[in-house]
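Structure first, then comments.
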Amino acid sequence: MSVDEDARWLEWVTKQFETIAGEDKEIDIDEFKTALKVKESFFAERFFALFDSDGSGSISLDELLKALNLLIHGDETDKLRFLFQVYDVDAAVMRFSCSGSIDPDELRTVLKSCLQESAISLPEEKLDDLTLVLFESADKDNSGSITFEELKAELENFPEVMENLTISAANWLKPPDQDQKKPQTPRYLTRAYWQKNSRKLLFLCVYALLNSLLFIAAMLYHSYGGGWFMLAKGCGQCLNFNCTFVMVLMLRRCLTWLRATWVVRILPLDQNILLHQIVGYAILLFTLVHTAAHVVNFARMSESSEFSLWEYLLTTRPGIGWVKGTASLTGVILQLLICLMVVCSSTFVRRSGHFEVFYWTHLLYIWVWILLIIHCANFWKWFVVPGLVFLLEKIVGIAVSRMGGLYIVEVNLLPSKVTHLVIRRPQFFQFKPGDYIYINIPVIAKYEWHPFTISSAPEQSDTMWLHVRSMGQWTNRLYEYFRQPESQALCPKRLATSLRKRRQQGKQQVGTPGENHRFCNIKCYVDGPYGTPTRQIFASEHAVLIGAGIGITPFASILQSIMYRYRMRKHNCPSCNYSWCENVKDSDMKLRKVDFIWINRDQKSFEWFVSLLTKLEMDQADGELEGRFLEMHMYMTSALSKNDMKAIGLQMALDLLAKKEEKDSITGLKTRTQPGRPQWEKVFQKLSEENKGKVHVFYCGAPALAKSIKAQCEHFGFNFYKENF
């Protein structure tokens, strides 16, 4: 931290102390935990013991500030001494002189507490290995204990740790919500934003211009009726256009086809969902203004007419409308339906476990279109062509979903309530890596269709995979259905036969048959496949795939497809068994480098695809994938980063053990799992320096993280694509 940040933090500590301390102006160990928000008792007790200089069992404000001031203004050696005393459990007071030593039991106690702080679960044997590898590395003289000088020498082997030690020690203790963000120019006002979003912004400008022209033309045409009548007609004409255009943006089969043409370079097809939402809000706005203008106009008309305002609004007596005077009545119903659809499609509804509310209310679009045709004499002229295309898409979708036999043949229940479905598919059902489908499973819900990304490669000809995270009612019902051992859909008698058959075919296993692995034979229906922005990955030179949590699913399909393609290029010498991979580029695959970044909150989530990632690492090591063609980067956000004093020892031990065993202790992969969140600026800076061609970043995960990544892409000039469906 800077000097100003240090001063602000000390001021925060003083306020925290004064708020928590009692009349004696001192705090005990429990109050100390609350003040510094240290959740694990070991570190709280060590900090407390070191700060309690007089050993009274309580800390005064003077004692606390004196200790923190020494840490803030101390040099690198002072900070190392403080770290040493935390690890030296026998050290009692803050003395900045290190005559003690750290024995193996003390180091094991520290590392165990570090694991608890980072929410990492490892067996006791692995904890012993971590303790041993760090102790043997640091104990240079084999004396059976680690001195301060030995710890200092060991830390110097980890430059990233030493770099973090140059940060004020207050940064080790301060709560994360005390970070001060530097003021910066809003990204929407930067030149990079306008350059990278030129297609979307140009499209929105044309869209706004077209609405303006329609609005003005309609107002001028109806100028005879007065201002409020003109306003209502202007909004009505815009509604004719928007209520049709909102449907065009959801013609998924047409958009999937257009993604394979030159049109994708001109129109923002990958942002059709965002544009659909914008048009939806525009419809709501035009509807409100249209209705309000008509209400005012009817109120004025009722003053000189035999009909009252309520008769104009809620009856057919005035005879307004081309279908038996129903314009007003249908207008009121339309207003209610549109408001209901917009509210129920809001983010807080869709992402709060109530997807079914969004799903069923959105089906009201059918009644909206019927009522619009009755309400407005000219709407059918706007609707007829797009409506026929939409109807044709629906007919094709129903025909595809009913063709052939699609059955769920295997189910694996994964950590964090993820249901892995293996679906047997007919030969005619073809898809591309990263595509998604709509699936209907009658035994779960007879009439509900839900979208999920296909997580297997198209080269896996007889089956396809879906990974479904339990987030709402339907997904929870799916998980619970297969969790029950007495489920009639399961066929345990087929387990041995099916497993033996799949092993003979050499197929990759879903998981080890057991309590969470079931074989079954459940009928399902599928609509699709539909394309996504990830279809452009193979046309990229340097692709960066970023998955957050279950957002890995489209990239699992893509990574498997890459593995299959390179396996097809592999050749073996019949004489010496030497194998090599042809360095030939496909017409539809220009990839020179792939960086895969997977961010998970907890350790368990890595189990979803660890077998796939292990296979990819083995293929690359065997030469099936070109050296460093694929680089994997794993991040665990619940783990404390290396700039946190409570994790320095653990991360050093994990690094040493990973180097010794050639695998990561958390995931079992060769790739080391990094603690905390990626520092995107440093990550993207490294990517830009590799010079492997134009960088295209593909993201699937939480929208909040997408904003941060997109801002960095704009800064570095990378193309950004986000999964939407």
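Backbone N, Cα and C define each Cβ position, glycine as well.
A TrEMBL annotation is a machine prediction, not a hand-curated record.
Averaged across the domain 'EF-hand' (39-74), the predicted model reaches a pLDDT of 75. Annotation source TrEMBL lists domain 'EF-hand' at 39-74 (among others).
Below 8 angstroms of C-beta separation, residues 77, 80-81, 83-84, 87, 98, 101-104, 107-108, 111-112, 115, 642, 648-657, 660, 665 of the same chain, each at least six residues beyond the ends of the domain 'EF-hand' (126-161), sit close to that stretch. According to TrEMBL, the feature domain 'EF-hand' maps to 126-161 (among others).
TrEMBL lists 201-222 (among others) with the feature transmembrane segment. Tertiary proximity for the transmembrane segment (201-222) is limited to same-chain residues at least six positions away from its ends with a CB under 8 Å from its CB atoms, namely 194, 229-231, 233-238, 240-242, 267-268, 275, 278-279, 282.
Sequence annotations record features per position, and here TrEMBL assigns transmembrane segment to 228-252 (among others).
Residues annotated as transmembrane segment in TrEMBL: 273-299 (among others). Counting same-chain residues at least six beyond the ends of the transmembrane segment (273-299), those with a Cβ under 8 angstroms from any Cβ of the stretch are 200, 203-204, 207, 211, 225-226, 228-229, 231-232, 235-236, 238-239, 242-243, 245-246, 249-250, 309, 312-313, 328, 331-332, 334-335, 338-339, 341-342, 345, 724-725.
Taken from TrEMBL, the feature transmembrane segment applies to 319-343 (among others). Same-chain residues lying 6 or more positions outside the transmembrane segment (319-343) and placing a CB less than 8 Å from one of its CB atoms are 280-281, 283-284, 287-288, 290-291, 294, 298, 312-313, 349, 361-362, 364-365, 367-368, 371-372, 374-377.
Distant neighbours of the transmembrane segment (364-383): 236, 239-241, 243-244, 247, 321-323, 326-327, 330-331, 333-334, 337-338, 340-341; these residues of the same chain sit at least 6 beyond its ends, with a Cβ under 8 Å from one of its Cβ atoms. As annotated by TrEMBL, transmembrane segment applies to 364-383 (among others).
The annotation domain 'FAD-binding FR-type' is assigned in TrEMBL to 401-536.
Long-range Cβ contacts of the transmembrane segment (228-252) within its own chain (Cβ-Cβ under 8 Å, at least 6 residues beyond either end) map to 210-211, 214-219, 221-222, 272-273, 275-276, 279-280, 282-283, 286-287, 289-290, 293-294, 296-297, 300, 365, 368-369, 372, 376, 378-379, 382-383, 386-387, 389-390, 393, 528, 530.
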